[in-house]
C-alpha cells in the first residue's frame with residue numbers, strides 16, 4: 001500500500017515537472033505553425049529585406065527590419081545606460097562598500113526590478129520625455145530615447161546584482177595577493193577581480209540584453225507605434241513587442257494574415273531571446289564547474 | 001594462526017576465529033564479500049565480517065578509509081547516493097537486507113542510526129522522539145507519550161526536559177541534542193544501533209555521558225560505532241575493526257587489537273604513527 | 001612616488017563615482033515615486049476605488065480592474081502554486097542525474113528568460129482559441145501561471161536545497177519513506193523559503209500587462225467577473241488605457257491607479273522579505 005502511494009506521488013511530481021517541457025513545446029509549436037502559414041503567403045525574402053512594415057494598411061508591406069531596428073535601438077540605449085552604471089555599482093558594492101551598506105542597498109536596488117513595467121512606461125512618457133524636451137526641442141512625444149533610458153534604469157539591478165554575486169564569489173586569496181603587491185583597490189578590481197568574475201558578469205549582461213529585447217510596456221507606451229528603419233533616437237519607432245500589443249488591442253480576425261503577423265513577429269523575438277538565454281546558460285554551467 | 005574448523009563453516013577466513021561458535025546461532029550482522037562503488041571509484045574492496053548480538057563494535061581507521069560507507073551499508077543509507085553500486089550480501093538475523101523484496105523503511109526501523117553532528121528536527125522535543133512512531137501510523141496518544149517518556153529516561157534526559165517537552169529540540173545544548181537523537185532512535189525500538197562518530201562534536205563531559213549510555217545500551221542492543229578517538233574505542237567496545245583504503249585490515253577483540261595487533265599497519269595507526 | 005599618488009587619486013575618484021552610481025538608482029526611485037504621489041495622491045478616495053470605469057475621468061474608478069486583478073491573483077495562485085512546488089520537489093529530491101534532468105534544467109532556465117509577451121501568444125492560441133476559454137479570467141490566469149512557473153520552481157528548489165541534509169538522513173534512518181521525509185521534514189523546514197518565492201512570483205504576475213493584452217483582456221469592462229469564464233480587466237491594463245488617453249484627467253487617474261498597484265506590489269514584496277528573514281533565522 002505504502003509502496004503504491006509512494007509511486008503515485010512520484011509520478012504526479014514527475015508529471016508536474018514535465019509540464020515545463022510541454023510549455024516550451026507549446027511555444028515552439030504555436031509560433032512555428034502560425035508563422036509557417038504566414039510564410040506561405042509572404043515570401044521569407046521580403047520579410048527579411050523589405051524596409052517597410054505596414055500590415056494594417058491597404059498597401060501592405062511585411063518587412064521585419066523596421067521592427068527589428070526599433071527593438072535593437074531601444075535595447076541598445078537601455079544597455080548603454082545600464083551597463084556602466086550597473087557594473088560600477090557592482091564593483092563599488094563588492095570591493096569598496098562596507099558590508100552593512102551593501103546588505104541594505106542591494107534589496108532596495110532590486111526593488112527597481114519589481115516595479116511593474118507599465119509604471120515605467122508612465123514615467124518615460126509623462127516625466128522623462130518632457131524633461132528631455134527642454135534640452136532637445138526636436139524630441140517627439142514618442143521616441144526611443146526616453147523609452148530606452150527608462151528601460152536602462154529598470155535593468156540596472158539585473159546587471160548590478162548578478163555581477164556583484166559573481167565578484168563576491170571570487171576567493172579572498174586573490175584580492176590579498178594583489179593587495180600584498182601594493183595594488184590599490186581599483187587596480188585589484190579591474191586587473192584581478194573583474195577578469196576572474198568575467199563569465200558571471202557576461203551572463204548578467206546577456207540576461208539584461210535579453211530582458212531589454214523582450215520588454216514590452218515601456219516601449220509600447222513611450223516609443224510610439226510607427227515602424228521606421230532608423231537609428232535616430234528622437235523620433236517615434238515601433239518594436240516587435242509594441243507591434244504585438246498594437247495588433248492585440250485592435251479587432252483582428254482570427255486566422256487572417258494580420259493575425260498571423262504577430263506570430264511571425266513573435267517567433268523572431270523568441271529566436272533572439274532563446275539564443276541569448278542558451279548562451280548565458282552554457283556559460284553559467286561551464287563557470288559553475290570551474291569553481292566547484 | 002589458530003583456526004577453529006567446524007563442519008558448518010564452509011568458508012574459511014581469518015574472521016571465523018572471532019565468531020562465537022559456542023552460541024550455535026547466526027550472527028546478528030553478517031557481511032559477506034561486500035564491495036561498494038561510487039561511479040568508478042571503488043570505496044569498499046570486498047569485506048567479510050560478522051557482528052555478535054549485544055556487543056559494541058568499534059570501526060576505526062583514517063578519514064576516507066571507507067568505514068563510514070561500510071556502516072551506512074548496514075541500514076542501506078547509501079541507496080540514495082548518486083552512482084552507488086554494490087556487490088555481496090549483508091545479513092541481519094540471517095536475512096539478506098539487499099534482497100529485492102526487502103522493505104527499506106522496515107529495515108531502518110530495526111537498524112537505527114545516530115549521526116556525527118546532533119541533528120534534531122526543527123520541532124519540539126516531544127515531536128522529535130515521537131516522529132518515528134507517527135510515521136509508522138501509530139495514533140494512540142497514551143502509547144506515544146509513554147514511549148517518549150521511556151526513551152528519554154533511557155538516555156537520562158527525562159529529568160532535564162520533562163517540564164518543557166514543547167521546547168524546540170534545537171534549543172538544547174549539543175550534548176543534550178545528541179542524547180535526544182539517541183532517544184529518538186530508541187523510540188522505534190531497533191535491535192541494532194549504528195553510531196557515526198557520535199561524540200566528535202561534543203565536549204568531554206557530554207562525551208562521558210554518551211559513553212556511559214552506550215555501555216548501558218549494550219544490554220538491549222547491538223551497537224556499531226565509528227570513532228576517531230582511540231581511547232574511546234578501547235573504553236567502550238568489545239570488538240574493534242581497523243579499516244584502511246576500503247579494506248578491512250584487522251578485526252578482533254578490542255583488547256587484542258590494542259595490546260597485541262597482528263598487523264603492523266594496525267599497530268602504526270593505533271600508536272599514532274599515521275592517520 | 002608620483003605614480004603611487006596618481007593611483008591613489010584614481011582610486012578615490014572611482015570610489016566617489018561608485019557612490020554616485022549607487023545613489024542615482026535610489027534618487028531615481030525616490031523622484032519617481034514622489035512624482036507619481038504628487039500626480040495621483042489627491043485623486044485617491046473611496047469613490048475612486050469603488051467606481052466603475054467611465055468616459056469622464058472624474059467619475060472613473062478602478063473597481064472592476066482591481067477585482068479583476070484579485071481574481072487573476074487567486075486563480076494564478078491556485079494553478080501555479082501546486083504545480084510549481086511539485087515540480088521543484090521532483091527536481092530536487094527525486095530526479096537522478098541523467099539526460100531528462102539535464103533537459104528539464106536547461107528548459108526551465110530558458111523558460112525563465114522567455115519574454116512575457118510570448119507567453120501571451122501561447123495563451124492566445126492554446127487557452128483562448130483551442131480550449132475555447134475566450135478572453136476569460138481563467139485563460140488569463142492559466143497564461144500567467146505558465147509565466148511564473150519557472151520562478152516558483154527555482155524558488156522551491158533553492159529553499160529545499162537550504163535544508164541541511166542531516167535532517168533528511170535522520171528521518172530516513174528512523175524508517176521514514178521518501179515522501180514521509182519530504183512531507184514531515186523537508187516541506188515544513190523549507191516552507192518559509194518556498195512561500196517567499198511564490199509571493200515574489202505572484203507580485204510579478206499582478207504587475208504583468210503585455211501577456212494579458214495579447215490574451216484579450218479588455219481595457220473597458222463595466223462589470224466585475226462573477227465566474228472564471230467571464231471577461232475581465234486588470235489594474236495594469238486600466239493604467240495603460242488611461243495613459244493612452246489625451247485628457248489630463250486620465251493621466252491623474254493613471255497616477256492614482258499606479259499608487260494602488262505599487263502599494264500592492266510593495267506590500268507583497270514586504271511580506272516576502274518578512275517570511276525570508278523569519279525563515280533564515282531558523283537555520284542560524
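Glycine residues also receive a Cβ, built from the backbone N, Cα and C atoms like all the rest.
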Correct range for transmembrane segment (source TrEMBL, candidates A:188-209, A:210-231): A:188-209
Stated TrEMBL location of transmembrane segment, expressed as one of A:40-63, A:64-87: A:64-87
For the transmembrane segment (A:64-87), distant same-chain residues with Cβ under 8 A (at least six beyond the ends): 47-53, 144-145, 147-149, 151-160, 163, 201, 204-205, 208-209, 212-213, 215, 219, 223, 227-231, 233, 237-243, 264-265, 268-269
Cβ pairs under 8 Å between the transmembrane segment (A:108-132) and the transmembrane segment (A:144-167), at least three: yes
Proximity verdict for the transmembrane segment (A:12-33) and the transmembrane segment (A:188-209), three or more C-beta pairs under 8 Å: no
